[in-house]
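As recorded in TrEMBL:
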- A:68-291: domain 'ABC transmembrane type-1' (DOMAIN)
- A:12-34: transmembrane segment (TRANSMEM)
- A:71-94: transmembrane segment (TRANSMEM)
- A:115-135: transmembrane segment (TRANSMEM)
- A:155-176: transmembrane segment (TRANSMEM)
- A:212-236: transmembrane segment (TRANSMEM)
- A:272-296: transmembrane segment (TRANSMEM)
Amino acid sequence: MLTRSTKERLATLWVGIAGATTVLLAAALFTALFARAFPILQRYPLTALLFGTVWQPAKGLFGFYPFLLGSLWVTLTAMAVAVPLSLLTAIYLAEYAPATVRRTLNPLIDLMASVPSVVYGVFGVSVIVPCVGKLATFVQQHLPLLASEAPPTGYSVLAAGLVLALMVAPTIVAVAEEVLRSVPVSLREAALALGATAWETTRFVTMRAARAGIIGAVLLGFARALGETMAVLMVVGNVPRVPRSFFDPAYPLPALIANNYGEMMSIPLYDAALMMAALLLLVSAVAFNLAAQLVLRLTQSVGRM
Amino acid sequence: MRRRYWCDRIARIAMVMSVTGLISSLGALIAVVLAKGWQALDWTMLVRLPSGSYYLTGEEGGILNAIVGSSLLAIGATLLALPLALPVALLLQPDYAGRTRVAGALRILLDSLWGVPSIVYGACGFALMVALGWRASLLAGIVTLAGVILPLMVRAMDEVLRAVPKPMKEAAYALGLTRWETMRFVVIRQALPALVTVVLLAFGRAIGDAASVLFTAGYTDNLPRSLFDPVASLPLAVFFLLNSPFPEVQRQAYAAATVLLVSVLVISGSARLLAHRLSRFVVR
């Protein structure tokens, strides 16, 4: 029979060990990827890897530039769609919507976040890709300046951007809504009392007070979009070339890793190159997350003021 | 004056359009997947393994391997993450390290881990697997998935435990309970409904995650016999079947996607419902 103080000590030990394990887990994540990517970093200088444009593993050419740009194109397209859409939604939910509407819509937004990534991919393949394909054909016939040189299949940057926009919107909405809600009501009352319209209050008072937090929400969305794998992989076309138009196929970093894990052990340095891609993703995701947390913490201190 | 009025109007219309756009995309997504899947869904495929000419014609076979695989992976990952997540969440409370810088640093670390893409966990799991000499297996998949859901479980539990009223803890301490007894008999009891919701939501996330099990759990047509056998999973079944050039097989992908979507919706729906029902037993 354990005494009460022994139980207490055991529990404290358990809590301490669990905390240490979490830290170790984070360290292991970085160390394992770095150790596996090390051979390629040793062989080529970092700039040659990041700015090399040729990807031919069999010949020992590992240029990440097309993949980095592919990720950037797809993510920026997604953000261009998702940011206005989700900020307007967040403003509506936080400032305008009556309580009953909010109580119905918020669970739906949560539901949107819990739909698995492959299901978004299935939706993308069966609905968004054909639509984008029709648009691409139209553009190719009537607006050759914007068109892609590739055949207009619909598997493109634009399709991936649209699917991703739907996937990251719930994250941005949830964080931005919470931030807007933390702005003191007295600020709004002051603006309304001075004769500002509802939109003017939102635009010049609430949004300005919540500015840092909204940037944080967008950064979180960006980080999420950058690492999303399966849905993008299914609709983006996977051609390792730098895209020149929204209707071009692209090949983002996560898709590169997911597509090639099968053959990576058969070619020298190939596995190191893929682990390097994972390391790049890890570093950029953590960087964006830290930046987002920093600005979110800044608004929290403003909110308390 | 006119202009200000119109600005207000236009902003409101833009907002309502955004909300409608988002919600109707969700509706379209569910409707399209369910409509396409429902036709292809044949109840016998839920209890049969892929066999014969399944990957050519989509006939004579099912997705039992993926259903069983996904369940085992998600249950295993939740059970593995739970005894690690709960103490870390306790550690973040003011009773343990909450007042120190350690808790702040740990929260930042966990939030960063939460944002790490699951494909990175997959790649890291693969690197560890190779280092340990494991093959792609149920165990490797469970470990990797547990890593994916651990940060979100801890942070959600942290929020839940922090919401427990301070006077309750003070009363417990005043009665001479130790820190652990306070946690065990007061804090965790009070937070239990919300904790159950957190666990269910993490379970739902684990079922739907594909990128992390892609390298680590492998894919097979058979049921696993032990922890060291590779297993299939529903998201990967959807992915592989949809990539098939045969339309009949692609229809099976929609059926699998329907099974996946419905189970995730049921899990997250019941998580919320359960939180509501169980909150009767909470002191307010």
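For all residues, glycine too, the Cβ spot is worked out from N, Cα and C.
For the transmembrane segment (A:12-34), the neighbouring stretch richest in Cβ pairs under 8 Å, chosen from A:71-94, A:115-135, A:155-176, A:212-236, A:272-296, is A:272-296. Same-chain residues lying 6+ beyond the ends of the transmembrane segment (A:212-236) with a Cβ under 8 Å from its Cβ atoms: 70-71, 74-75, 78-79, 82-83, 86-87, 90, 117-118, 120-122, 124-125, 128-129, 155-157, 159-160, 163-164, 167-169, 171-172, 175-176, 179-180, 182, 249-252, 254-255, 257-259, 281, 284-285, 288-289, 291-296, 298-300, 302. Beyond its flanks by at least six residues, the transmembrane segment (A:272-296) meets 29-30, 33-34, 36-41, 49, 57, 62, 64, 67-68, 175, 179, 212-213, 215-217, 219-220, 222-223, 226-227, 253-254, 256-257, 260-261, 264 of its own chain at Cβ-Cβ distances under 8 Å.
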